[in-house]
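Some notes on the structure that comes next.
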Amino acid sequence: MQSGTRWRVLGLCLLSIGVWGQDGNEEMGSITQTPYQVSISGTTVILTCSQHLGSEAQWQHNGKNKEDSGDRLFLPEFSEMEQSGYYVCYPRGSNPEDASHHLYLKARVCENCMEMDVMAVATIVIVDICITLGLLLLVYYWSKNRKAKAKPVTRGAGAGGRQRGQNKERPPPVPNPDYEPIRKGQQDLYSGLNQRRI
């Protein structure tokens, strides 16, 4: 497959993923509205009762009434251990057991967190892979071109351009007497191997 075709296929894949992500968002809009909205910003969690009760709204957390807060319940410095649980919004003066919807909230909050959807994560991963592959191809072609431009190295040409092989004018060098083989008739200390039997 040619490199131009690869880039076209990659662009088509990225485009189809983007369209797929937009289709998912449209489907989410067609779902009926839930009676609660949860907003998390930093360590603050805000629960909104969408029944439009205004100041007549009463909140209950795990069976205990919360202070008067209207249709919005602010939970600053949210603690996952202490403030997670069942929340219910109901009209003041009515029984919370009669409320049609309950909310189970378990959230993890932090100071500098960012919420990312699946499409953002998928886009980051795909772009990272594309950049990595692009750098790999760049280094590959750069090293291939550099290798082709380099001068070939011939062996033996370093000594003034002389050819290899034995020079007919000069005899072979005399062997070094320090490395002569041991003579068979010689009985020196180191003239033979130690043949001690155990």
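From the backbone N, Cα and C atoms, a Cβ is placed for every residue, glycine too.
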Residue among Cys49, Cys110, Cys113 that, according to Swiss-Prot, closes a disulfide with Cys89: Cys49
Given ranges 2-9, 26-33, 170-177, the stretch to which Swiss-Prot attaches the annotation region 'Proline-rich sequence': 170-177
Whole-number Å value for how far Tyr179 (phosphotyrosine) lies from Cys89 (disulfide bond) (Cα to Cα): 102
Mean per-residue pLDDT computed across the region 'Proline-rich sequence' (170-177): 77
Reduced DSSP assignment, Cys89 (disulfide bond): strand
Between Tyr179 (phosphotyrosine) and Cys49 (disulfide bond), the C-alpha gap once rounded to whole angstrom: 100
